[in-house]
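Database features (TrEMBL):
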MOTIF     A:19-29  motif ''HIGH' region'
BINDING   A:Cys150, A:Cys153, A:Cys163, A:Cys166  Zn(2+) binding site
MOTIF     A:336-340  motif ''KMSKS' region'
BINDING   A:Lys339  ATP binding site
DOMAIN    A:575-676  domain 'TRNA-binding'
Amino acid sequence: MSSEQNNQPRQILVTSALPYANGSIHIGHMLEHIQTDIWTRFQKLRGHQCISVCADDTHGTPIMLRAQKEGVTPEDFIAATREEHLKDFEDFLVEYDNYHSTHSEENRELSELIYNRLNDAGHIAKRTISQLFDPEKEMFLPDRFVKGECPKCGSEDQYGDNCDNCGATYSPTELKNPKSAVSGATPINKDSEHYFFKLTNFESMLKTWTRDGHVQEQIANKLDEWFEAGLQEWDISRDAPYFGFEIPGAPGKYFYVWVDAPIGYMASFKNLCDKRDDLNFDDYWNADSAAEVHHFIGKDIVYFHTLFWPAMLHGSGFRKPTKVHAHGFLTVNGTKMSKSKGTFVKARTYLNHLDPEYLRYYFMAKLTSKVDDFDLNLEDFVARINSDLVNKYINIASRVASFIGKKFDGRLADDVADHPLIKEAQGAAETIAEFYENKQYGRAIREIMSIADKANKYVDSEEPWVKIKDETTAPQVQVVSTVCLNVFKILTIYLKPAIPAMAEKVEAFLNVEPLQWSDISEVLQGRTVNKFKPMVQRIDPKKLEAMIEEGKEEAAAASAPQLADPLKEEIEFSDFDKIDLRVVKIVKAEHVEGAEKLLKLQLDLDGVTKQVFAGIKSAYAPEDLQGKLTVMVANLKPRKMRFGVSEGMVLAAGPGGKDLWILNPDEGAQPGMRVK
RNA sequence: GAUAAUGUAGCUCAAUCGGGUAGAGCAACUGACUCAUAAUCAGUGGGUUGUCGGUUCGAUUCCGACCAUAAUCACCA
């Protein structure tokens with residue numbers, strides 16, 4: 001292709017928004033990550049140096065509390081989530097060059113660097129503000145962690161920022177009977193010094209930047225509203241306890257998660273540069289960099305990416321994004337994803353039932369460069385995949401492959417390079433490339449499918465099934481088939497960014513190296529192809545139903561009341577029956593020399609005495625126990641301990657320390673009785 | 001409540017940047033064909049472009065009001 005050979009290879013860095021480490025990836029996330037991946041694969045196919053990076057966004061109060069609740073460190077919690085996220089993306093054929101974490105050394109260094117530069121340049125302010133504070137947990141409460149009665153309509157159990165019932169909005173300090181959602185305590189007002197980023201210093205820069213082709217028109221309009229409303233200073237600090245990075249020179253103050261989240265793009269790239277010789281961080285991020293930086297984001301986080309982020313970069317001497325690509329939300333059958341309808345589909349749930357390339361193709365087929373919401377209509381989804389992919393595209397190969405295979409030994413004809421249909425398919429390359437480049441994926445598909453239509457018409461008009469029966473016309477069939485397979489190859493290149501795995505199967509069938517965009521002009525002739533095997537199956541609507549059904553079940557399970565300490569795996573009665581629980585009388589209790597936690601108990605089971613070492617010293621004095629009845633596991637295998645043999649366990653409840661309570665049978669129970 | 005959006009055939013979407021007799025794919029129907037994962041090809045039907053009003057020789061496209069939908073904001077930004 002002449003025109004792109006004139007183009008210099010570009011250096012392009014691409015990012016998707018960093019998924020928050022507090023939950024699973026769902027198909028809404030996939031809308032973004034798939035369109036990013038398609039764009040990235042397209043650029044790579046064209047021969048550019050295109051690097052895509054992502055990471056988990058790991059900081060903030062919700063993560064901290066979630067980890068506490070699950071009894072693990074935040075570090076362990078986010079590490080596990082990252083594994084899950086990465087696996088989901090990989091299985092959807094989303095190929096990041098690097099998938100990092102915002103909780104990384106690179107990110108800490110870059111966050112500090114950017115902050116220090118902003119601070120030195122006078123872009124940071126400090127002032128004291130008053131916020132609700134949980135006196136029990138000793139932490140400041142974000143709005144969402146305060147609940148109470150709506151000051152307007154009096155509805156109970158409303159969040160700190162607005163009322164679900166009457167729609168009123170207010171500040172959390174206005175709530176009646178406010179309660180901390182963390183501890184249940186009544187919050188108090190407390191002063192604290194906060195750090196602010198003076199966004200207003202960048203107003204004129206931003207006004208120019210946002211009208212300079214870096215954002216979509218719809219976004220630029222939205223930004224005008226925000227400019228008109230007036231920019232505000234941005235509160236970038238949070239007080240300890242907070243899971244994040246401490247602000248340099250400000251002990252006990254942490255960067256608000258949204259400060260280090262976008263810096264995570266740079267950190268992930270930095271991490272990659274350190275692993276690769278051919279990448280230089282400064283080439284991409286210096287203020288005068290000629291490389292491109294493209295961010296793909298949802299419309300909900302436009303503010304952060306088009307105001308704060310460019311301002312932070314500008315103020316700290318880095319380059320600004322080339323383009324911020326915002327997309328709308330994913331709806332299913334025209335409405336918001338709903339857990340109860342089963343349309344809130346997790347990435348994993350989808351993968352349990354359907355081929356990822358179905359969804360990749362469907363997204364491709366309907367995406368535009370606009371910020372409008374994207375509707376996944378399930379009926380349309382089935383129709384679109386089956387008709388476009390199977391009936392039109394793959395069908396071209398499927399219907400001529402048998403001629404080539406059976407009648408011509410798998411050998412293609414010679415001299416088809418000038419065939420008008422091949423020329424036409426090749427001629428669409430630049431138009432399609434432009435659609436890709438501008439994210440008009442839907443238009444690209446329309447263009448591609450119209451070529452597929454022409455190929456199918458061509459086969460019909462040539463009637464190879466008739467010609468093959470006549471010796472004089474039979475050789476023409478080899479030409480017709482070769483033309484079709486060449487068009488098929490070209491279509492495969494056009495579609496490859498969306499359906500890479502299918503393309504790989506096509507490459508195996510055509511007996512060619514991995515196809516590149518430049519292969520569009522290479523014509524396959526006078527060579528052999530392999531036996532045709534179908535590259536994709538029709539969608540079975542039953543599988544789609546099964547997926548929705550599983551989504552419903554998940555939702556039902558999730559909405560059931562959850563125990564903070566989840567139940568162990570279910571057991572059979574026979575498992576329970578193995579445990580012999582007995583009522584016992586504590587005849588003697590004494591301290592154990594040298595033991596920190598243990599008491600030595602003599603337990604009477606109606607004549608038989610058992611000796612048990614119990615870790616309840618922190619909660620009970622020996623004299624309080626003597627003469628009491630309690631319950632023990634009597635058939636536990638005796639265990640030799642440092643201080644002697646323990647012949648069972650007494651049952652106690654509680655988290656430990658002083659909070660430990662042994663069980664007491666009700667009045668009338670006698671030592672030795674079986675508990676069942 | 002405020003703001004900017006969106007509302008086009010049964011379904012999903014198009015309609016050149018500041019107006020000139022509404023297009024495509026799928027579905028439906030009719031016919032052809034049998035090479036192909038019952039696919040494909042030819043053809044037909046189907047829209048007073050959310051409603052009402054205005055500007056204009058003429059509006060899906062401009063203006064106003066209303067209705068519907070989802071979104072953003074109302075110091076999280």
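Just so it is clear, glycine is given a Cβ too, placed from its N, Cα and C backbone atoms.
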Where else in the chain does the motif ''HIGH' region' (A:19-29) make close Cβ contacts, counting only residues six or more beyond its ends and a cut-off under 8 Å? 54, 56-58, 62-63, 66, 77-78, 81-82, 84-85, 88-89, 101, 329-330, 332, 337, 344-348, 350, 359, 376
Other than its close neighbours in sequence, what residues sit by the motif ''KMSKS' region' (A:336-340), given a CB gap under 8 Å and a spacing of at least six beyond its ends? 26-28, 329-330, 551-552, 554-555, 558-559
The average per-residue pLDDT within the domain 'TRNA-binding' (A:575-676) comes out at 82
Within the domain 'TRNA-binding' (A:575-676), count helix residues (DSSP H, G, I), strand residues (E, B) and coil residues, in that order. 7 helix, 49 strand, 46 coil
Using DSSP, how many residues in the motif ''KMSKS' region' (A:336-340) fall into helix, strand and coil? 0 helix, 1 strand, 4 coil
Provide, as an integer number of angstrom, the distance between the C-alpha atoms of the residue listed as 'ATP binding site' and A:Cys150 (Zn(2+) binding site). 26
Counting only other Cβ atoms and using a 10 Å cut-off, which of the binding-site residues A:Cys150, A:Lys339 scores lowest? A:Lys339
Would you mind splitting the motif ''HIGH' region' (A:19-29) into helix, strand and coil residue counts from DSSP? 3 helix, 2 strand, 6 coil
